[in-house]
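One structure is given below, encoded as structure tokens.
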Amino acid sequence: MLEAFLPTDVKTRVSLVHLSLLIRSSSYLFSVDLLDDSSQDNGVQTNQYRSGDSMGVLPFQNSLSGPFTYIFSFRKLWAFTGPGFLMSIAYLDPGNIESDLQSGAVAGFKLLWVLLGSTIIGLLLQRLAARLGVVTGMHLAEVCNRQYPTVPRVILWLMIELAIIGSDMQEVIGCAIALNLLSVGRIPLWGGVLITITDTFVFLFLDKYGLRKLEAFFGFLITVMAVSFGYEYVLVNPNQGGVLKGMFVPYCAGCGSQQLEQAVGIVGAVIMPHNIYLHSALVKSREVDRKNKKDVKEANKYFFIESAIALFISFLINVFVVAVFAQAFYNKTNMDVNAECNATGSPHTDLFPLNNDTLQVDIYKGGIVLGCFFGPAALYIWAIGILAAGQSSTMTGTYSGQFVMEGFLNLRWSRFARVLLTRSIAITPTLLVAIFQDVRHLTGMNDFLNVLQSMQLPFALIPILTFTSLTSIMNDFANGLVWKISGGIVILMVCAINMYFVVVYVTSLNSVLYYVLAGFISVAYLCFILYLVWHCLIALGVSCLDFGSRVRNQPAVLIEEQSEYDS
């Protein structure tokens, strides 16, 4: 209104200012063009890395102020995209794929809702991990190192190392099985393990060429999985109504102990302890001004959105696998499969004895069965998907080992030494298994490794809830009452489910010696869990338990913009 009374030259200046503000706000709100290696929009410089960094830190600073600061931007989401997808690979490792196919073969579509619920719970736990890294500038292992006394800290480190070894064994064996299938048995299991070790070292050094290129390579592997397992889904063409019903209706009509154990196995396969440590470290690859509360809040928002998208994609890929085996092989017997393999001339008919027992499948047998029923193309495409899953998860598992060892032990070694040590710890038992075990009889080992990882789950979930609830560490971003209660309930439920899985496994061994050994281990195990729970309850506000706890009173030391990828 006042512009009508202004001189002409002044009105022109005012109009130009309005136009400039309109253009800036419009481009901020609706820009969807992707950043390339040389772009520097919104303060993100994807081609700048600190000297001496191996994975680098991508700087992010809020270059806009005013009323549009908190409006969603696809450009900023792209700048934060990467850590969540690397984290989501743990939801697609060979152990998860095997759990998926067994779920479909044993229960049909009836356990898809368990997979959905587990993925949602996983997203909430990953949110806590990401927030810890963003707010403090430290990953979970570093915070544990500063907050727990020496003895509990060392025990905690050993437990997480066991979880990483178990996960890595599944991933490397998965790669070896895929190579065996692709080579029609010419590459033995131990040969596949050696190949996987070698190419993992090669791929890990891709980050020397830039963080974005490494993240793009992981994105390529996820795409290979989506295309491979998506092809199987289209080929088998499962009942879409059954898929949707199984996904959104929590039921399991006619299910028995076998289906219940499989449901528990899904939860244990999806939520993995080392992945919490990994995600809290990966988010540090984006440099955030932690002195600016708005920037921290915005980083938390975009990391959560990215994680949700990444886990949604991983969930769809897992659904592909469950649905394929639910449609094609639910209620199939060994005799049915044997007859089909004989009819197609498969050389693997001896895998399926002539009896009416329900078909039992693993990653290897699953590929053989697909080949018998749907042709050789289905087998080879399945093997390519397994190879991509194993290779990607093996690489992220190596990163997990590095972060855990550095954080707990405060190591500052060269990058090559760190990779060599963490790789050797996990690979040595895997190679021994590959040498002395037949590729056709690995199901028992996979069950044992799932139990091993289930037992380590509290050693990630309890600390992450503890430290994200402490205002001395998280300041204004500490968990509120709702998150404390819901997080405690979720963690209690997940740990109870996994402990049930452990008890079922131990009782199935039918050995008094194993029972006695398990009893002694259980006492020590539960004592340490109670110690962690004590600290957690103090962090959640139960102050009457605070008699000599270090956790409540020791403030965190913020490490401003320090990358843990330094070589």
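Cβ coordinates come from backbone N, Cα and C, glycine included.
TrEMBL does not curate its annotations; it predicts them automatically.
Features of the protein shown, as given by TrEMBL:
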{"type": "TRANSMEM", "residues": "187-206", "note": "transmembrane segment"}
{"type": "TRANSMEM", "residues": "218-236", "note": "transmembrane segment"}
{"type": "TRANSMEM", "residues": "263-282", "note": "transmembrane segment"}
{"type": "TRANSMEM", "residues": "303-330", "note": "transmembrane segment"}
{"type": "TRANSMEM", "residues": "368-389", "note": "transmembrane segment"}
{"type": "TRANSMEM", "residues": "420-437", "note": "transmembrane segment"}
{"type": "TRANSMEM", "residues": "457-474", "note": "transmembrane segment"}
{"type": "TRANSMEM", "residues": "481-506", "note": "transmembrane segment"}
{"type": "TRANSMEM", "residues": "512-545", "note": "transmembrane segment"}
Chain residues outside the transmembrane segment (368-389) and at least six past its termini with a C-beta under 8 angstroms from it: 89, 92-94, 96-97, 171, 174-175, 177-179, 181-182, 221-222, 224-225, 228-229, 231-232, 235-236, 324, 328-329, 337, 340-341, 344, 346, 348, 351, 359, 361
Cβ contacts the transmembrane segment (457-474)/the transmembrane segment (218-236), at least three under 8 Å, sequence gap 6 or more: no
Within-chain partners of the transmembrane segment (481-506) [C-beta distance under 8 Å, separation at least 6 from its ends]: 121, 124-125, 128, 261, 264-265, 267-268, 271, 447-448, 450-451, 454-455, 457-458, 461-462, 465, 468-469, 514-515, 518, 536, 540-541
Residue numbers, six or more beyond the limits of the transmembrane segment (512-545), whose CB comes under 8 Å of its CB atoms: 148, 152, 155-156, 455, 458-459, 462-463, 465-467, 469-470, 484, 488, 506, 551-552
Same-chain residues at least 6 beyond the ends of the transmembrane segment (303-330) whose Cβ lies under 8 Å from its Cβ atoms: 77, 80-85, 87-89, 91-92, 96-97, 100-109, 111-112, 115-116, 119, 122-123, 126-127, 130-131, 134, 222, 225-226, 229-230, 232-233, 236-239, 242-243, 246-247, 279, 283, 337, 359, 361, 366, 369-370, 373-374
